[in-house]
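Trainee: I'd like to ask you about the structure that follows.
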Amino acid sequence: MGALSVNTTLLRKMLVGFVRDEVYKVGVKKGVLGLSGGIDSALVAFIAAEALGPENVYAYTMPYKTSNPESEAHAKLVADALGINYKVIEITPMVDAYFGLVPDADNMRRGNKMARERMTILYDHSAAVGGLVLGTSNKTELLLGYGTLHGDMASALNPIGDIYKSQVWALSEAMGVPHEVIEKKPSADLWAGQTDEQELGFSYRDADELLYRMVDQRMNREELIDAGFAADFIDNVQRKVQGSHFKRRLPVIAKVSNRTIDRDFRYARDWGK
Amino acid sequence: MDFTVALAQIKPKLGCLADNLAIAEAAIEKGIAQGAQLIVFPELALTGYFLKDLVPDVALTLDAPEIERLKLLSRRISIAIGLVEVTPDYRFFNTALYLEDGEIRHVHRKVYLPTYGLFDEQRYLARGEHFRAFDSRFGRIGILICEDMWHLSAPYILAMDGATSIICLSSSPGRGLSDAEGLGSAGAWQRLTSTTAMFLNCRVFYCNRVGYEDGINFWGGSEVITPSGEVAVRGAILEEDFVLAKVDEGALRRERIFSPMMRDENMMLTVKELRRIERERG
């Protein structure tokens with residue numbers, strides 16, 4: 001377990017510095033985020049409040065009619081603890097209007113639509129308040145592809161995209177995220193009683209231990225089996241990482257010219273900043 | 001001689017020559033005001049680090065007006081600073097200049113261009129071909145740029161060439177977080193600067209930048225290492241800083257008396273064995 005444990009004082013300093021630096025250099029002072037009531041967005045709210053000042057952080061909870069009311073209560077708990085700007089915006093009318101047109105859509109389509117509805121609201125509020133959208137996907141879910149492309153995966157900056165769920169838990173403890181939020185079971189809250197771990201079929205702790213060795217340490221399959229991981233678990237996770245890689249890349253562009261964006265037209269996003 | 005060195009732990013803006021020159025000039029004035037005789041800047045201080053296709057746009061010829069301004073300032077304080085240099089045959093180098101008494105006293109072009117992991121320097125830059133020490137007001141100096149220092153032969157050659165001070169300009173990304181007190185990359189550098197000073201009985205002036213580029217942080221922690229490998233002073237981690245240190249000539253003299261490894265170093269044996277290895281490798 002030692003491999004995943006981190007110096008949270010230093011991690012906090014790096015992530016707070018990241019948000020402050022990358023927001024300010026764009027020429028704005030504010031950050032916007034969706035506060036789901038879960039731990040990832042709670043942690044990002046804590047990081048953003050420390051980086052930008054609570055008065056410059058705008059958090060939105062965007063429940064659908066089937067969302068667990070506890071989620072909204074937990075989001076409010078976080079917003080109150082920090083003193084950030086906070087608003088609840090119901091997405092039921094927009095989402096239901098759309099699914100009135102396509103009533104046969106399954107749970108996955110409905111969940112993705114809700115995630116993308118929330119994204120459009122965040123980007124609209126980003127323009128309204130003059131702030132950047134802060135991402136709340138952690139490294140575990142990004143690697144597993146457990147998120148909606150152009151939905152919850154969309155952001156301008158993501159402070160927690162290189163830390164595993166286990167490290168999110170540790171940093172949340174260190175930064176004082178309310179215990180109710182840290183201790184509850186992670187859930188995308190797409191339907192009643194849903195939990196991430198049930199849907200994934202394994203625990204985040206186990207996935208993190210495996211991903212850390214597979215991705216960060218580049219251990220091969222044989223070494224992972226020697227380290228005690230079951231072959232079918234390794235293969236399952238490997239399949240998820242590879243199968244979701246498209247979600248972590250920009251759309252593929254057909255090359256015809258001498259300088260194609262991102263292929264041989266290469267600039268940092270912080271170009272000139 | 002005894003002197004005061006300043007390490008300008010700045011945060012350059014990516015691809016903004018004019019802004020970075022202004023940052024450098026302000027630091028130089030501050031160094032002069034605080035009594036420093038030598039000021040060291042990070043690698044690529046005038047341009048920022050992850051330049052990619054911006055390299056040709058920010059490159060300077062050695063007679064550029066920006067360098068003329070720095071040369072003028074070097075009449076009041078000696079300056080080591082990093083930039084992109086373009087040569088008349090249009091090669092682009094990751095270069096460090098040493099300016100003193102109104103002149104360019106030395107040009108070091110980075111030899112070891114890291115091209116692995118998050119680094120991609122060889123894609124954009126030409127490789128330097130020399131490690132040469134040179135004379136300055138403060139004795140003989142050797143300059144290295146970041147990755148150069150990770151090649152044991154580089155500081156060794158400079159020390160054999162008579163350098164008693166090694167200046168290292170750096171843009172080191174912070175990475176490798178664990179439960180240890182510091183970052184993995186910072187700990188590795190701290191062992192390296194100290195060990196290099198001990199091996200070669202020389203001072204090390206290490207200047208690393210701070211700030212973020214596309215989410216990658218630079219960790220700072222600039223330091224002055226004594227010839228016995230002790231940290232004389234270390235800059236803040238992950239924050240801008242201006243590090244001043246008094247450098248004592250006596251400490252160098254005493255260390256070279258206590259630990260005369262460089263006196264005893266057998267260069268001919270090293271050369272002979274390297275020649276043999278070269279022969280045997282074909």
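Cβ coordinates are placed from backbone N, Cα and C, and glycine is handled just like the others.
Since we're looking at a predicted model, the values are computed, not measured.
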Trainee: Return the residue out of A:Thr92, A:Thr120, A:Thr136, A:Thr260 that TrEMBL annotates for the same ATP site as A:Gly34, A:Leu35, A:Ser36, A:Gly37, A:Gly38, A:Ile39, A:Asp40, A:Ser41, A:Lys165, A:Ser187.
Mentor: A:Thr136
Trainee: Determine the most Cβ-crowded residue among the binding-site residues A:Asp40, A:Glu141, using a 10 Å radius around each Cβ and all protein chains in the structure.
Mentor: A:Glu141
Trainee: Among all chains shown, work out which of the binding-site residues A:Gly34, A:Gly38 has the most CB atoms within 10 A of its CB.
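Mentor: Of A:Gly34, A:Gly38, the one with the most crowded Cβ is A:Gly34.
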Trainee: Across all chains shown, how many C-beta atoms besides its own are within 10 angstroms of the C-beta of A:Ser36 (ATP binding site)?
Mentor: 27
Trainee: Suppose you look only at the domain 'NAD/GMP synthase' (A:14-251); what would the mean pLDDT be?
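Mentor: The predicted confidence over the domain 'NAD/GMP synthase' (A:14-251), as a mean pLDDT, is 96.
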Trainee: Find, among the binding-site residues listed as A:Thr136, A:Ser187, the one whose Cβ has the highest number of other Cβ atoms within 10 Å in the structure shown.
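Mentor: That would be A:Thr136, with the most Cβ atoms nearby.
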Trainee: Report, as a single number, how many Cβ atoms besides its own are within 10 Å of the Cβ of A:Arg116 (deamido-NAD(+) binding site).
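Mentor: I get 17 for this one.
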Trainee: Round to a whole number and give the Cα-to-Cα distance in Å for the pair A:Asp40 (ATP binding site) and A:Glu141 (Mg(2+) binding site).
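Mentor: A:Asp40 (ATP binding site) and A:Glu141 (Mg(2+) binding site) have their Cα atoms 11 Å apart.
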